[in-house]
Amino acid sequence: MVQETDSSPGAIEIVSVTEDELPDSELCFFYKRFFCIQQTKVDPSENENEDTTTPQCHVLIPLRLLPLILALSLTVIIAVAIGLGVSQLEILQSALQIFSLSHPELLGRAEVKRKREMAASETPLYSKVLNKQKNRNTQSLLEPLLNDGFSVHTALKALAATGQRSVEDATKWLHSHCNDPSLDDPIPQEYVLYLCPTGPLNDLLMEFWKESKQQCGKNRAHEIFPHITLCEFFTCEDQKVGGLYEALKRAGDRFSSCFPTIISLSLHSSSSYIGFFLSDGPSNIIKSFAAAFATEAMTLADCSVKPSTKQLHLTLANKFYPHHQKTLEQLAKSINPKQPCNWMAALYSRDMRFVHYQVLRALFQYKPQNIDELMLNAGDHIYVDRIQSVDACSGWVIGISHRTGCWGFLPENYTEKANESDTWVKHSPAQRGLLVIRHGERIDEVFGKSWLQQCFTASGKYYRADLNFPSNLPNRKDGINTFEDDPPLSSCGIFQSRLIGEALLEKEVVVSCVYSSPALHCIQTAQHLLEGLQVEQRIKIRIEPGLFEWTKWEANTTIPSFMTESELTGVNYSIDTTYRSVENLICKDDFSPTEYHQEYSLYTKKGMKLCNFPLSSLMPSEGYEDYTNRCSATIKHIIGSSATEGIILIVGHSSSLDSFTRPLLGLSARDSNDFAQFVRKIPSLGMCFCEELTQERKWQMTNAPVKMLTHGSNIAFNWKHILLDN
């Protein structure tokens, strides 16, 4: 049991207790131990059916009668208590303690409600005590949680547990942990600073991880991803985590000019260790960086950090069988340490209570058969103490869910061993990036310009002439002919867009805002990207006319008739209706910064977000120089008016990947002939990514956060023409 021993924050002591002293929430563990006589292992396939027989568990009292017995006991207690003159409040407290044994999930909801009611009274205290500790990012994430009724303590705990990624992640964590018995415990997280490789070198290292595990089995190095340790694990109180971020930023600013761009690595091998050692020159600079971080962390976050003083190294294999040494050495020699690499300093945290626990991953869903069993979802990580699990029945272990914080019995054959670092949380200082994506596959790219004639009957009714035609078309006030110059996505284009969104979600990419060209297929791509990211309810699409294609390439001499805002919202597209064009506010070269900001402030005070180029300002058949100037002004406007953190997502055309990144990188426009050749090389959903280097006040192009999408063509097929052809 963990209890607080004095008033100083974070002071805890491990004390031993007897069974009688255990809280009610822990009694369920002894229920199965005393009442279980025999229990067999469960076959995972059996739990898929609702009629599956439960594991053989012989109890003295049938479980179905337990609620009835508890209810009768409650009645007796209340009657006796009234006779003794006990207050109604004391009776209610006793009733809740008994009720929690049979219906803990309902008590959890009541507890969450109670905590939310207390949150309002804690807010003034938060403002007084934590005002010096919080940074701007922490404050912007914390306030929405407090407004939702969560207490300061639990809100800060949720933010620390999710790496301060977003309010949505913290809220989801709080709802998942509503029945966590340790939610109110003042137990801080443990943190560590690693220097991690990215780019081609990291790809080679991950390939080594895979091959070494496949050929020689798992060794100690597989528990953690490739890294160089810069300090020992240390603790930090939840309300001071923002200070750690600032400490890392300050140390980075100090060493940004002298940090080694190339780190020389040399391979070393012994009977129990294989890894790369760093050369003395870069190693000394990196050690000084770690020492600077430790100093700043003590000042800003009151954390005692011990920077690494030993030989810096990147472990490849550790504590393996001696007869595997030769194979591992051969695999290690295949890694070229001179491969390009960007080294990234990052903070990681872990739950200090489970440092010595084994981590399991659930393979299947498991629905509890008894009140002392743990609910499992596929993919859940479970902490298991092997010493404690010795007392469990054969085939069962006692575990604590990383997702919910709840604990109980679970069938071990529903799980597999996971890596220690799978439950760690990455804390990266907020950084701004720009992700430019071309739209998905258009329907006219597959079926040609005559696609409209292929899918409408003589009476004007739409039908799917092929499965790659969308299931329906949105209504347009100007009629179906407007689709000819403003075509929608094909079914494959919709699938492509959603797939990329899901990949971004898997990589935990935090999108702060989305801008789209007014073309329908671009808006649809943005919509399905947001749906794949599962943020379509929170993030709205800002339609920016300045992102439209070079108008010289349009078949007609006029600008296409785009769908209106009301038409788009009418088909449930997530459109930012406050982002609109203002005819007399156009970013021109003769606009001074003072004049621009005066006009900009005038309209933003009215609650409007202004696009850079009103739709009416797009010129048909514009010259190449006019187009590049438009692109340059548009991207500068977007960057200047967007948040300073997170990913700015732009959905445009094939030309967008070049036209909107070159001004950002400080490059001049391509020659018009080269530009036309370049555009032909960009496939559907082609993307590029730029990240902001705050200290250098510039942007650089780097690898996109997800892999590209590649697939082959699928020609039209008519079985009569093919199978019956003589």
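Positions of Cβ are set from backbone N, Cα and C atoms, glycine also.
Unlike curated records, TrEMBL annotations are generated automatically.
Here TrEMBL flags 135-177 as domain 'UBA'. Per TrEMBL, the feature domain 'SH3' maps to 355-420. For 65-86, the entry in TrEMBL reads transmembrane segment.
In the predicted model, residues of the domain 'SH3' (355-420) average a pLDDT of 91. Counted with DSSP, the domain 'SH3' (355-420) comes out as 8 helix, 26 strand, 32 coil. For the domain 'UBA' (135-177), the DSSP-based tally of helix, strand and coil residues reads 32 helix, 0 strand, 11 coil.
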